[in-house]
Amino acid sequence: MVLKELRQKRPLVHNITNYVAAQFVANGLLALGASPLMSDAIDEMQDLAKISDALAINIGTINERAILCAKEAIKHYKALNKPIVLDPVGCSASALRHDTSLELLKSGGISALRGNAAELGSLVGISCESKGLDSQDANTPVEIIKRVAQKYFVIAVMTGKTDYVSDGKKVLSITGGSEYLALITGAGCLHTAACASFLGLKKDPLDSMAQLCALYKQASFNAQKKALENNGSNGSFLFYFLDALSLPIKLENSLIKEVL
């Protein structure tokens with residue numbers, strides 16, 4: 001299993017992430033078995049690209065400095081042919097986020113793109129509301145994720161109640177998980193960083209992303225079960241989730257299925 005190899009190799013993941021979730025992302029990567037590196041210092045991007053196994057970019061707390069740093073990092077990781085995962089946080093909400101996401105994608109070098117249905121849909125011109133799709137030309141997340149993968153030549157990862165991953169040809173769905181993931185800050189940010197850690201192992205990218213989604217959902221299910229057993233809620237779930245990521249994860253609640 002990919003998780004076993006991850007814990008043996010402990011890939012170094014460079015994160016340019018938002019400051020709201022930075023600590024949670026670092027702790028989550030450590031729990032999973034990877035090694036986090038958190039830096040947005042533009043002048044050290046070239047040096048960090050040489051020693052890191054993968055790069056995760058999250059535009060959650062976007063500003064001019066973060067944009068310049070992301071561009072500089074992509075340039076050096078691309079030159080070394082190392083995996084880059086982009087999380088276009090909120091790109092369906094503002095022109096700045098949308099345009100920045102497109103600019104980073106068009107610079108080349110992005111290996112995987114992780115977001116929710118609204119974010120990914122906006123990158124291929126499909127309007128998708130949080131309560132469901134309202135587009136006339138695509139009526140399922142399957143169509144959105146396939147288009148994203150094809151248009152930007154990436155592994156597309158859509159997370160939500162059901163996760164979907166695609167390489168532009170095949171589409172896999174991953175069910176299971178916990179509703180509590182939507183009630184804590186940073187769950188998506190950590191998922192993006194975890195994607196980078198798995199891609200850093202240089203295994204089959206589509207299979208790796210599907211396995212990660214399944215493991216992530218199973219860990220959240222395990223954490224919810226533990227929290228409820230102890231009369232807990234959001235707060236205890238967060239801590240049990242980190243615990244669950246660090247323990248052996250047996251897929252019982254999560255199911256990977258080929259849908260296209």
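Sequential numbering from 1, following the chain as shown.
Cβ coordinates are placed from backbone N, Cα and C, and glycine is handled just like the others.
Since this is a predicted model, take the numbers as computed values, not measurements.
Listed in Swiss-Prot for this protein:
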BINDING   Met38, Gly186  substrate binding site
BINDING   Arg114, Thr159  ATP binding site
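Across the structure, Met38 (substrate binding site) and Thr159 (ATP binding site) are spaced 23 Å apart at their Cα atoms.
Close to Gly186 (substrate binding site) in the fold, though at least 6 residues off in sequence, lie Val20, Ala21, Phe24, Val25, Gly28, each with a CB less than 8 Å from its CB. Under the three-state DSSP scheme, Gly186 (substrate binding site) falls in the coil class. The local packing around Thr159 (ATP binding site), expressed as other Cβ atoms within 10 Å of its Cβ over all shown chains, amounts to 25. With a cut-off of 8 Å between CB atoms and residues at least 6 apart in sequence, the same chain places Val85, Leu86, Asp87, Val157, Met158, Thr159, Gly188, His191, Thr192, Cys195 near Arg114 (ATP binding site), listed in sequence order.
When secondary structure is read from DSSP and collapsed to three states, Thr159 (ATP binding site) falls in the coil class. Arg114 (ATP binding site) falls within a strand segment according to DSSP. There are 16 other CB atoms within 10 A of the CB of Met38 (substrate binding site), with all protein chains counted.
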